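Q: Per TrEMBL, the feature 1D-myo-inositol 1,3,4-trisphosphate binding site maps to Lys18, Lys59, His165, Lys197, Asn294, Gly298. According to TrEMBL, the ATP binding site annotation covers Arg105, Lys155, 186-197, Ser212. Taken from TrEMBL, the feature Mg(2+) 1 binding site covers Asp278, Asp292. The Mg(2+) 2 binding site annotation in TrEMBL covers Asp292, Asn294. Annotation comment: TrEMBL describes 10-98 as domain 'Inositol-tetrakisphosphate 1-kinase N-terminal'. Residues or ranges marked as domain 'Inositol 1,3,4-trisphosphate 5/6-kinase ATP-grasp' by TrEMBL: 125-313. What TrEMBL lists as region 'Disordered' is 318-340.
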Amino acid sequence: MPALQRRKRIGVCVNDKKKRKLNFHVFEELCKSRGYDVTDVDLSLPLSNQGPFDLIIHKLSDLLVEAGQDLKSHYLVQRLQVYLDTHPYTILLDPLPALHTLLDRFQSYHLLRSLESRNNGICSVFSPPCVELVSKHCDIVSLVRAHLTFPIICKTQIAHGPRSHQMSLIFNEGGLNEVTPPCLLQSFINHNATLYKVFVVGSEHFVVRRPSLRNFPLGETDEKTIFFNSHEVSKAESCSHLSQAMPCPEVHPPPAAIVKKVVQSLQEALGMSLFGVDVIVDTQSGRCAVIDVNAFPGYEGVPEFFPALLSHVEKLLEDPKEPSPDPPAEAPQILRGPAPSNSWVADSALADPYKKSLPDTPYFNLCTPSLSDDW
């Protein structure tokens, strides 16, 4: 009599707050109705006793940030790494090295710059000019004069947690005295108070329109620095005075072909399935600018999220492969991230599901030691 086939098991490593916000129980019930076992993953306990897992969905941003300074968090991340090394056919959504890149704005914006698209010499997509500040010892004013234009957005280096949403809009050189490194300074692009959130789920993506910062006069002015929380400006329900658009010509949404190219290129570079891209349209040139990329966003305004996620999971699991019976010859090593590609990829295939990868920077060290003060 043939042996009964084991039901595939999906592990979920997402904190309760995120699960409640997403109504994640709906996805879990959807999976169970399609014949998958769904179980929570507890990194404080041995994973070998909780599995085997065919696929693990996670949101470990908090833990990865903490692992840079906290030994307990470091060991929890290492426990997951050991499990992946000893179970190489467990699919992880999404790769930890890619999260390391997106949690550090310095690395994230280097990636965006490396992926700028040029079609016959004309950039259809760009990332606004940036300067990364590691310490106050550098000549901030000279760097800004050489590379940026006012107004300037100031963002924290770490792109996760409540503090990461605290930003400022600087209008003159005097306002640079209030900058606290490590941080990233970026030329502000007028975009008619409209932000386009691109939510990616595997091979699908969804575009949601959101409010954003209103237009400001370009060039240096006497206006005082504005401090704001990006969540209060760009959430769907936001009604901040900073997002009240002035009367001006309408800017059309980013073309679908450009959005698709951006998504495919980031998937090729990061190997990720669940991420968000913030896109604006420059009111002056009409060109599209990518201003942020974030891992496992909230997917607010995307009712198709759970069906799309389940469809992606089923595609990944439909061709099962048996893991090798032999244990790894060497002790597990630190997972390290891939090097970004040099240009936007026009028609790239989606990256293979992450198994393990071992070149460059350790994912749990967000303290980048040798970043320059300019590009």
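Using N, Cα and C of the backbone, Cβ positions are placed for all residues, glycine too.
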Q: Count the Cβ atoms, other than its own, that fall within 10 Å of the Cβ of Phe188 (ATP binding site), considering every protein chain shown.
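A: There are 20 such Cβ atoms around Phe188 (ATP binding site).
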Q: Is it possible to get the count of other C-beta atoms within 10 angstroms of the C-beta of Gly298 (1D-myo-inositol 1,3,4-trisphosphate binding site)?
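A: Looking across every protein chain shown, the total is 16.
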Q: Rank the binding-site residues Asp278, Asp292 by how many other Cβ atoms lie within 10 Å of each Cβ and give me the one with the fewest.
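A: Across Asp278, Asp292, these binding-site residues, the one with fewest Cβ atoms within 10 Å is Asp278.
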Q: When the Cα of Gln186 (ATP binding site) is compared with the Cα of each of the binding-site residues Lys18, Lys59, Asp278, which one is closest?
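A: Closest by Cα distance to Gln186 (ATP binding site) among the binding-site residues Lys18, Lys59, Asp278: Asp278.
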Q: Relative to the Cα of Arg105 (ATP binding site), which of the binding-site residues Lys59, His165, Asp292, Gly298 have a Cα no more than 10 Å away?
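A: So the list is Asp292.
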Q: On a simple 10 Å Cβ count over all chains shown, which one of the binding-site residues Gln186, Asn190, Asn192 is most densely packed?
A: Gln186
Q: Across the domain 'Inositol-tetrakisphosphate 1-kinase N-terminal' (10-98), what does the mean pLDDT come to, as a whole number?
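A: The predicted confidence over the domain 'Inositol-tetrakisphosphate 1-kinase N-terminal' (10-98), as a mean pLDDT, is 94.
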Q: Can you give me the Cα-Cα distance between Asn294 (1D-myo-inositol 1,3,4-trisphosphate binding site) and Asn192 (ATP binding site) in Å, rounded to a whole number?
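A: Cα to Cα, Asn294 (1D-myo-inositol 1,3,4-trisphosphate binding site) and Asn192 (ATP binding site) are separated by 22 Å.
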Q: Quick one: of the binding-site residues Lys59, Lys197, Asp292, which has its CA closest to the CA of Ser212 (ATP binding site)?
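A: For Ser212 (ATP binding site), the spatially nearest of the binding-site residues is Lys197.
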Q: Using all protein chains in view, find how many other C-beta atoms are within 10 Å of the C-beta of Ser212 (ATP binding site).
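A: Its Cβ shell of radius 10 Å holds 23 other Cβ atoms.
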Q: Counting only residues 6+ apart in the same chain, whose Cβ is under 8 Å from the Cβ of Lys59 (1D-myo-inositol 1,3,4-trisphosphate binding site)?
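A: Once residues fewer than 6 apart are set aside, Lys59 (1D-myo-inositol 1,3,4-trisphosphate binding site) is near Cys13, Val14, Asn15, Lys18, Ala295, Phe296.
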Q: What are the non-local neighbours of Lys197 (1D-myo-inositol 1,3,4-trisphosphate binding site), defined as same-chain residues 6+ apart in sequence with CB under 8 A from its CB?
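A: Result: Val207, Val208, Arg209, Arg210, Gly276, Val277, Asp278, Val279, Pro297, Gly301.
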Q: Using C-alpha atoms only, work out the spacing between Tyr196 (ATP binding site) and His165 (1D-myo-inositol 1,3,4-trisphosphate binding site) and round it to an integer in Å.
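A: So the alpha carbons of Tyr196 (ATP binding site) and His165 (1D-myo-inositol 1,3,4-trisphosphate binding site) sit roughly 17 Å from each other.
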Q: Between any two of Lys18, Lys59, His165, Lys197, Asn294, Gly298, the residues recorded as binding 1D-myo-inositol 1,3,4-trisphosphate, what is the biggest Cα to Cα distance in Å?
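A: Maximum Cα-Cα distance: 19 Å.
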Q: Looking at the binding-site residues His165, Asp292, Gly298, whose Cα is closest in space to that of Thr194 (ATP binding site)?
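A: So, of the listed binding-site residues, the one sitting closest to Thr194 (ATP binding site) is Asp292.
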